[in-house]
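What follows is one structure encoded as structure tokens, with my remarks underneath.
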Amino acid sequence: MFTIITGAQFGDEGKGKIVDLLAKDYDIVARFQGGNNAGHTVRVGDEVYKLHLIPSGILLDARVLIGPGVVLNPEVLAEETAMFEKHGIKVDAEKLGVDAKTSIIMPYHIEMDGLREAARKTKIGTTKRGIGYAYIDKVARDEIRMAELVDKERFLKRLEELAPQKEKEIEAMGGDPKIVRDPFLIQKYLELGEQFASYVTDVSREINQALDEGKHVMAEAAQGTHLDVIHGTQKFVTSSSTIAGSACANLGVGPTRVGNVIAIVKAYITRVGEGPLPTELSGELGEKIQKAGGEFGTTTGRGRRCGWFDLPLLKKAIALNGYTEISLTKLDVLTGLEPLRICVGYKYKGEDLDYPPELTEDLWECSPVYEDLPGWETDLTEVKAYSELPENAQNYIKRLEELMKVPINYISVGPGREQTFKKE
């Protein structure tokens, strides 16, 4: 069975927690896009693990894989493996595999990313971690891959081939071109290559063999649907494709293998950085949700903008991903809010819309049309079953199901593993 999990909003929906919950039933969990610009948090008891590269299934028995559609900063990978080993969790080549064709984020990518964002008149909210420039090099066939990082001779040869052009580009951007051939940084990367040499694998082959043997494989996305490089709110998007179809393309798995596609949906909506957010709440109410939900980025620490549930954006996410079920997160954050509002459509230049306009500049001009529901005062964080939820919380969930036309199978009422239950 091949299952794909993606975020249905702008990222930060709680994918890490749900993947961690479900991974016990899977033999392999594979990350298929993005880099360390994305972050996911997994809480086990009193321990909190903040991850940027390693898939969330690392904490259970699953083998975890990083596919060739990911752009990988080996320094971050080393930091994460060290963090786990500090907590007594061994992350060796039997536990973690990285595809040979995975593109490597080089120091010059990070330098160029920062220079480009500083020069922009309109900021797009990049994390300045070199993700975009690593993807540019991948498309231009100018990347350094994992297979080259772990082979000293190949790595140095490839770097010499690329260095003159990279130095010219950095100098033209007003930066210091010496970073490209900095001996200290080169030595650091050679050591990282040596550290991870045994981790190199063929991810597509591993996954397809596992599926042939009847094993269960989960593909884990980073970020969210509306940050997709093609279908998202351009130009305020990430550099990779974040939707379910990308899992097949990037991991090398045929679409007929897909069994389930699970959406992770927050009970409200958030966005970090720039870009349109039609239901955004400014002032005291927005701050209240931000504080109650701990809405601060795992990667950047930036406060997330908060808004009411946006159905038109969800409809588009459902169309783009073909979801078979939904996991609803952070329901507890809505406690004490009266009324609860669901955006069921937009007003755009006098027209009524029930689906987002294609162009970002038009989405900026959309005003939300709300349906109001009564809220609840009960603290939900100790709730262990759907039947224990207050009536108005159940009614909110039922209404979302009616509107989305996709079943909600899991509900989360807090950050802990034990704070998620099935909707029976």
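Quick reminder: no glycine exception, Cβ is built from N, Cα and C everywhere.
Taken straight from Swiss-Prot:
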ACT_SITE  Asp12  active site, proton acceptor
ACT_SITE  His40  active site, proton donor
BINDING   11-17, 39-41, Arg304, 330-332, 412-414  GTP binding site
BINDING   Asp12, Glu13, Gly14, Lys15, Asn37, Ala38, Gly39, His40, Thr127, Arg141, Gln223, Thr238, Arg302  IMP binding site
BINDING   Asp12, Gly39  Mg(2+) binding site
BINDING   Thr298, Thr299, Thr300, Gly301, Arg302, Gly303, Arg304  substrate binding site
(request) With a 10 Å radius around each C-beta, find which of these binding-site residues (Gly11, Gly14, Gly39, Gly301, Gly303) has the fewest other C-beta atoms nearby. (result) Gly301
(request) Starting from Gly14 (GTP binding site), work out which of the recorded positions listed here (His40, Gly301, Arg302, Gly303) have their Cα within 10 Å, and give them in sequence order. (result) His40
(request) Using C-alpha positions only, work out which of the recorded positions Asp12, Gly39, His40, Gln223, Arg302 is nearest to Leu331 (GTP binding site). (result) Asp12
(message) Restricting to the binding-site residues Arg302, Arg304, Val413, which ones have a CA within 10 Å of the CA of Asp12 (active site, proton acceptor)?
(response) Arg304
(request) Could you tally the C-beta atoms, other than its own, that fall within 10 angstroms of the C-beta of Gln223 (IMP binding site)? (result) 26
(request) Measuring CB to CB from Lys17 (GTP binding site), give everything in the same chain under 8 Å that is also at least six residues away in sequence. (result) His40, Thr41, Val42, Arg43, Ser56, Thr329, Ser412, Pro415, Arg417, Thr420
(message) If I take the alpha carbons of Gly11 (GTP binding site) and Gly301 (substrate binding site), what is the distance between them in whole Å?
(response) 14
(request) With a 10 Å radius around each C-beta, find which of these recorded positions (His40, Arg302, Arg304) has the fewest other C-beta atoms nearby. (result) Arg302
(message) Can you give me the same-chain residues 6 or more apart in sequence from Val413 (GTP binding site) with a CB-CB distance under 8 Å?
(response) Leu331, Asp332, Leu380, Thr381, Val383, Gln419, Thr420, Phe421
